[in-house]
Amino acid sequence: MAGFPGKEAGPPGGWRKCQEDESPENERHENFYAEIDDFAPSVLTPTGSDSGAGEEDDDGLYQVPTHWPPLMAPTGLSGERVPCRTQAAVTSNTGNSPGSRHTSCPFTLPRGAQPPAPAHQKPTAPTPKPRSRECGPSKTPDPFSWFRKTSCTEGGADSTSRSFMYQKGFEEGLAGLGLDDKSDCESEDESNFRRPSSHSALKQKNGGKGKPSGLFEHLAAHGREFSKLSKHAAQLKRLSGSVMNVLNLDDAQDTRQAKAQRKESTRVPIVTHLTNHVPVIKPACSLFLEGAPGVGKTTMLNHLKAVFGDLTIVVPEPMRYWTHVYENAIKAMHKNVTRARHGREDTSAEVLACQMKFTTPFRVLASRKRSLLVTESGARSVAPLDCWILHDRHLLSASVVFPLMLLRSQLLSYSDFIQVLATFTADPGDTIVWMKLNVEENMRRLKKRGRKHESGLDAGYLKSVNDAYHAVYCAWLLTQYFAPEDIVKVCAGLTTITTVCHQSHTPIIRSGVAEKLYKNSIFSVLKEVIQPFRADAVLLEVCLAFTRTLAYLQFVLVDLSEFQDDLPGCWTEIYMQALKNPAIRSQFFDWAGLSKVISDFERGNRD
């Protein structure tokens with residue numbers, strides 16, 4: 001094929017040859033026809049009498065239009081494209097005779113092309129034509145239809161037509177790339193706009209001398225590579241889906257509720273804990289409501305939260321952690337209690353696992369709350385305008401009260417009881433509000449609440465829980481009168497509580513009262529537990545740590561039988577006891593930080 005610049009024979013009529021100069025205009029023309037060269041046939045038979053003798057005449061391909069840019073050919077009302085560069089078109093556009101050498105063009109121009117104007121006329125901008133009604137409101141004209149096989153192309157839709165050859169080669173190249181002419185995922189109109197234009201890349205690869213055969217080779221070579229990659233990607237996708245299906249062992253995760261929860265934007269609690277905030281220091285008194293199931297602790301907390309608003313922080317019972325995180329510990333515990341499988345090691349192991357899970361939220365929250373305590377400000381007596389931190393249960397119930405009840409019921413062994421007891425911790429300022437209620441009324445409220453896992457509980461269970469609270473309360477009274485070391489000596493059998501009373505220089509209570517408290521307290525049970533190994537230092541240290549920690553607490557007793565459906569009256573009793581007891585003190589907390597921590601616990605409990 002002859003090179004583009006340097007053609008000697010000038011074209012007739014409105015056509016002119018391209019001069020070899022460095023002008024920007026000719027450079028632009030050169031770039032344009034270099035791009036056309038990518039799609040033009042390698043051999044073009046010249047027509048007419050102006051073809052040079054003895055040389056390959058490609059003037060029909062390399063003629064430069066007088067005006068720039070070449071415009072798109074108009075279309076008919078039916079959307080069909082009119083023939084481009086036919087004998088009539090060349091005659092009307094360039095003024096050439098039918099015998100002119102420029103009677104045809106091997107390619108069709110895109111939509112909107114117009115014939116070049118004569119040399120003496122100034123180029124004018126094309127006038128946009130309104131879209132034809134036949135196209136429809138949802139159909140868009142195909143901008144690449146000039147690259148397709150059409151019935152308007154010279155030569156018809158046969159295998160010898162150059163336009164048909166280009167279209168066929170392009171479709172083969174797309175098939176090599178894994179792209180069909182009409183994808184299953186898109187409509188025909190959408191597929192027209194997704195056809196890649198590869199002539200620029202082909203031009204750069206061939207040094208500006210792209211050929212049709214190079215286009216097909218380029219598409220075929222890369223098509224094989226892309227088809228392999230797409231095949232491998234599809235295999236990996238199917239494999240990953242199979243692995244995920246195998247790992248998805250819990251069918252409950254695919255329920256509608258689980259999917260809705262995954263879509264919701266949730267905040268990770270530890271992020272809010274570490275977020276910087278402006279500390280707001282406030283004095284607050286910590287109260288922990290305790291009692292048997294169904295006495296009305298949650299009802300009281302909801303009432304106080306509605307009354308005091310921002311002056312209170314209510315910490316709910318971590319029921320969701322106990323029932324929805326891993327196994328349901330509440331259900332497992334009541335199952336062991338109702339089956340009455342006493343004195344078995346496997347039952348004790350299951351009960352121990354449940355009790356250790358019950359203690360976890362209380363220990364975590366106590367540690368977090370301790371970090372927000374302003375120790376520099378110290379503690380003070382409770383004032384009327386102080387804030388309140390109200391908890392639904394203390395660690396005391398999970399690590400001391402209920403394990404003691406299970407030990408007496410022979411559902412927990414001595415060894416497992418010591419393990420749970422060793423987890424008990426408390427801070428100075430923690431006040432236990434023991435809400436007492438007679439068994440009959442308590443049973444009525446428990447049935448009214450109607451929790452499924454509590455349906456097997458009876459009056460005997462509630463009585464044993466109340467007895468366990470009473471034993472812990474009697475032990476706490478002893479810690480207020482005697483030193484922890486003396487109490488441990490009594491538990492180890494080194495002395496008696498009566499001897500300790502007589503040896504005291506200033507006896508506070510009589511020995512008979514002390515002996516009665518000791519027999520009804522948890523210390524009498526501890527003496528029985530550690531008696532076989534009373535010389536073991538670990539057991540003695542567990543007892544000593546428990547006695548010292550128990551002395552940190554303060555107790556407030558409320559008999560709910562006197563306040564039947566009287567929540568304000570019940571709170572008044574609690575409030576007055578807190579004001580009158582000088583040992584119950586308020587501490588200073590970072591109120592803003594504590595509010596964020598508790599809000600995260602409440603959010604997790606609601607979900």
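Using the three backbone atoms N, Cα and C, a Cβ is placed for every residue, glycine included.
When the candidates Arg408, Arg444, Arg445, Arg451 are compared with the ATP site entry in Swiss-Prot, which names Gly291, Ala292, Pro293, Gly294, Val295, Gly296, Lys297, Thr298, the shared residue is Arg445. The DSSP secondary structure for Gly291 (ATP binding site) is coil. The Cβ of Pro293 has fewer other Cβ atoms within 10 Å than any other of the binding-site residues Gly291, Pro293. Cα of Glu317 (active site, proton acceptor) to Cα of Lys297 (ATP binding site): a distance of 10 Å. Counting only same-chain residues six or more apart in sequence, the Cβ atoms lying under 8 angstroms from the Cβ of Lys297 (ATP binding site) belong to Leu289, Glu290, Gly291, Glu317, Asp392, Arg393, Met435. Secondary structure at Lys297 (ATP binding site), taken from DSSP and collapsed to helix, strand or coil, is helix. Put simply, Pro293 is the one of the binding-site residues Pro293, Val295, Arg445 whose Cα lies nearest to the Cα of Gln355 (substrate binding site).
Highlighted in sequence order, Met435, Leu437, Asn442, Leu446 have their Cβ within 8 Å of the centre of the Cβ atoms of Gly291, Ala292, Pro293, Gly294, Val295, Gly296, Lys297, Thr298, Arg445, the residues recorded for ATP, and are not part of that set.
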